[in-house]
Protein chains: 2
Amino acid sequence: MEGVPAERSQRLSRAAAQRLSLYLRCVDDWTTDGEKVSSSRIAEAVGVSDAQVRRDLAALGHLGQRGVGYDARELASAIRTALGINRQWRAVLVGVGNLGRALLRYQGFRAQGFRIVGLFDSDPSKVGQEVEGLTVEAVSTLPTRLNELQAELGVLTVPGETAHSVAEALVAAGVRGILNFAPVVLKLPRRVRLVTVDLAIQLEQLAFQVQHGEAATRATDEE
Amino acid sequence: MEGVPAERSQRLSRAAAQRLSLYLRCVDDWTTDGEKVSSSRIAEAVGVSDAQVRRDLAALGHLGQRGVGYDARELASAIRTALGINRQWRAVLVGVGNLGRALLRYQGFRAQGFRIVGLFDSDPSKVGQEVEGLTVEAVSTLPTRLNELQAELGVLTVPGETAHSVAEALVAAGVRGILNFAPVVLKLPRRVRLVTVDLAIQLEQLAFQVQHGEAATRATDEE
């Protein structure tokens, strides 16, 4: 899109990309208001400093007018473009256990343009089962099925023991990125992107905030 | 602990606390090696700059010797103290659906000192069920049970529709912090800490990295 030159958005750090995701949640909620959105309103909702929000949004190009604020719809669109989610992403999910089923029902994925288009499991007793309108397939069919399903991303919700071999199967099948929920450190070729979700880290962050009370709230997360 | 004065660790920003959690994962893996750990080894494993790691660890007090590196065990202990997880945290889980069941089995919680000691659900048909060795109780019993169970944290895995009322019940029962998986923005009193896990954000971050390829890898996450 014209508003965000490629070389500009490529300079986004991962920390900045994470903040943009948080801003997007708020701004999306406010698009129905039809009102102008100020950086301070975003800052308060997300819990970072006003200066940080202004710096992050300035990196998206010329948006908003001094003293008037940002148009919520225009801002949401610019953030989506910068994050690369102004398009649909098709993903397969491997590991149809409790977590896999929970993620299949997770409304947030579809709202943000992610579609889980295939389910896979290495357990033969699960293959053929129907879950949320999809039929579970064997991991061994990934090399042909990934391409047929036009899926680029893989969501890994298998136990730690099988995570490495399933990740290898996804890589061999040509996946471009893996969202890993297994509590293991995966080593992937550089061409394949990896985001590991460590749920214990979230609890640690909560414990940290409870322990340190108000002090943690006041600290800003500036780069 | 002596190594980390309280006023020092209280100055940790949330971003720094998140990085410390990531360092801890690596350092814990390396304690069996019995070797010295260098900041550059941590930096490479976590994907931030060497300078950032050194700055973060310097804030923990005097650890490691120039040119020799850090003792893995000592470093892990200092990070735990700084994060406030050098003790056990007892938590209740509310919402015994797929995600709740998945979290109950999640090995990472117990490894980091978190114990889920009570299960609650507002669905009468689930009350009395036994799940992973715990009996599901009614949300209405939280005010007395939270205290009896000596639980300080609540893990919220209910659908968005009921999240607000269940969060209020947890707050009224005296919980100090809530880990929220429901895709809603909760408003809590200032004394109660909140960490919301938005799983779509993780997929967004993956999409961002796939989209921007190597550029995203090279960007550092410095403060």
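Placed from the backbone N, Cα and C atoms, the Cβ positions cover glycine too.
Curation does not apply to TrEMBL; its annotations are automatic.
Copied over from TrEMBL:
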BINDING   A:GLY95, A:VAL96, A:GLY97, A:ASN98, A:LEU99, A:GLY100  NAD(+) binding site
DOMAIN    A:84-185  domain 'CoA-binding'
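Counting every protein chain shown, the Cβ of A:GLY95 (NAD(+) binding site) has 26 other Cβ atoms within 10 Å. Less than 8 angstroms from a Cβ of chain B: among the binding-site residues A:GLY95, A:GLY97, A:LEU99, that describes A:GLY97, A:LEU99. Secondary structure from DSSP puts A:GLY97 (NAD(+) binding site) in coil.
Other C-beta atoms found within 10 angstroms of the C-beta of A:ASN98 (NAD(+) binding site) number 19, with every protein chain shown included. According to DSSP, the domain 'CoA-binding' (A:84-185) comprises 37 helix, 29 strand, 36 coil. Ranked by how many other Cβ atoms sit within 10 Å of their Cβ, the binding-site residues A:VAL96, A:LEU99 place A:VAL96 at the bottom. For the domain 'CoA-binding' (A:84-185), the model's pLDDT averages out at 92.
Just so you know, the Cβ of A:GLY97 (NAD(+) binding site) picks up 17 other Cβ atoms within 10 Å once every protein chain is counted. Around the Cβ of A:GLY100 (NAD(+) binding site), a 10 Å sphere holds 26 further Cβ atoms from the protein chains shown.
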